[in-house]
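Visitor: I am attaching a structure below and will ask some questions about it afterwards.
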Amino acid sequence: MDDELRERVRRAAERAALFNALKHGSDAQVGAIMGPMMGEHPDFRAHGDEIPGVIAPVIEDVNGMSDDEQRARLAELAPEDVEELDSEDEGDDHALPALPNAEAYDEVRMRCAPNPNGPWHVGHARMPSVIGTYKQRYDGSFVVRFDDTDPETKRPDLDAYDQILEDLSYLGFEADEVLTASDRVETYYEHARRLIGMGGAYTCSCPGAEFSDLKNSGEACPHRDKDPETVADEFEAMVDGEYNSGEMVLRVKTDITHKNPALRDWVAFRMVDTPHPRDAASGYRCWPMLDFQSGVDDHRTGVTHIIRGIDLQDSAKRQRFLYEYFGWEYPEVVHWGHVQLDAYDVAMSTSTIKERIAAGELEGWDDPRAPTMQSIRRRGIRGAAVVDAMVELGTSSSDVELAMSAVYANNRDLVDDTAPRQFLVRDGFEARGEGPEESHEAVEVPVDDGPDEATPQVHPEHPDRGDREIPVGERVLVEATDLPAAGDRVWLKGYGPVRYDGERFAFLDADIDIVREEGVDVVQWVPAEHNVDVRLRTMDGDVTGYAEPGFADRDADEIVQFVRVGFARVDAHRDGGASVAYFTHP
């Protein structure tokens, strides 16, 4: 990052921190401003790993100001931001906008309706993050409904049902009610029969292309005026599985001349020859389309507010015809834009990830390169860090991009205080796929005249947690890039300053002022004779190296910080093999 860009980052951070602090009446946090700042300045994203360190002092300065000082400074930088603050309702400190007409309902009831055709990718976390936050805000209810009524095109994955609920729990939410649409097929049949009795639906055997031509020209197909008795008989034949796939559908009778062809006599039920993978639903061949199934379920389960993609606006319009037939009141709807994700080379698509796994290009859903919930969990990213970043995106109808650096900043705030420090000396890199090459090499150097043991702190901010005891021995390992020129000094962290003569380190003394006053580099190291082989799995490849001996005592799932490398989750210690850790973030 050059000086000009650094100054732009500082100025943008100052403005964002001032606005955030004044809006919420509390100290600004790095994680809270990273997402919006990255969204407003896309050119910052390439430097996402550096930005937290650049903006942290700026935010600290802002937090040290009084409210009046913050307001005056923001007026200098961005008077329009002050106007926006003045126009907002006093005391409204929510990241999300108020739900429409929430006060008109006894209880706000929202649903997350995943298709269980595979485990969740990171983008799937947006819906439960926002709905869960609204539930807390309005003391409402959170319904999870598995929309699994397409056994062919988006075939359900039997493992995904439980995996999705586990991901929901990881994010910090529990559903008040869990429903599975394929358990409710008889309910959809009942409503179809009612609709047929009203004259609101008809069976149609037109080939798809033929009906499409008629629909686009605003002409009714010859089946539209069938009497309800014939329609009822043919629908029962559909239910009994007497038609093959594509031979018969049930259509909702709307307006065949509607200005939007997508709303003209849409399909409510179709025949599917492929059995459902769930035993309880495997006998059905007549399946509702999502707009019919979802519309019925939203009413039957008392949903008051729906959040769905901007591309699904026609779904609401189609369902309103259904609601008018039944005399139901349609829920409030918020349409939002799509969310994109930076930092990954793999597309955020369930089908694409499945294909990459099947082809052997990914090792599984928890591969560090996969943009999936299982992957970020295994890396040690807390669910709350994801939720906060998703909520900060809001519910705008515009497409948004989630900067993973914002998730990392949130997570750093959550884990930094508790993560014990450890030394890791890297000594190799195994690239996976087309990831960038890295070069790491450990160098063994004899040490003369120093203490037998080093005692670095467990955590530099918490001296009360004690020290780590690391036996030094006769030789240490350092990374080749940290080796100084002959005659120069370095500070072996937790041990002391040494001078390198081109072959050996000679211990000098333990005066920390050498580092503070003379700019001596501080480097991590491990004893050459007493260390732990480590394989650190990253998004780009596997880093091999050596950790200090105490790493062997760290529990699986514990988050540590490898000094000058980054945070990592301890995955497993293996007898006779390397311990495995997953790189979390810098």
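Going from the start of the chain as shown, residues are counted 1 onward.
Each residue, glycine too, has its Cβ placed from N, Cα and C.
Values in this document were obtained by computation on a predicted structure and should not be read as measured data.
From Swiss-Prot, here are the annotated features:
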- 431-443: compositional bias 'Basic and acidic residues' (COMPBIAS)
- 459-468: compositional bias 'Basic and acidic residues' (COMPBIAS)
- 431-468: region 'Disordered' (REGION)
- 114-124: motif ''HIGH' region' (MOTIF)
Visitor: Mean pLDDT for the motif ''HIGH' region' (114-124), as a whole number?
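Guide: The answer is 97, the mean pLDDT of the model over that range.
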Visitor: Which residue counts does DSSP yield for the motif ''HIGH' region' (114-124) in the helix, strand and coil classes, in that order?
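Guide: Going through the motif ''HIGH' region' (114-124) residue by residue, I get 3 helix, 1 strand, 7 coil.
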Visitor: Within the compositional bias 'Basic and acidic residues' (459-468), how many residues are helix, strand or coil going by DSSP?
Guide: 3 helix, 1 strand, 6 coil
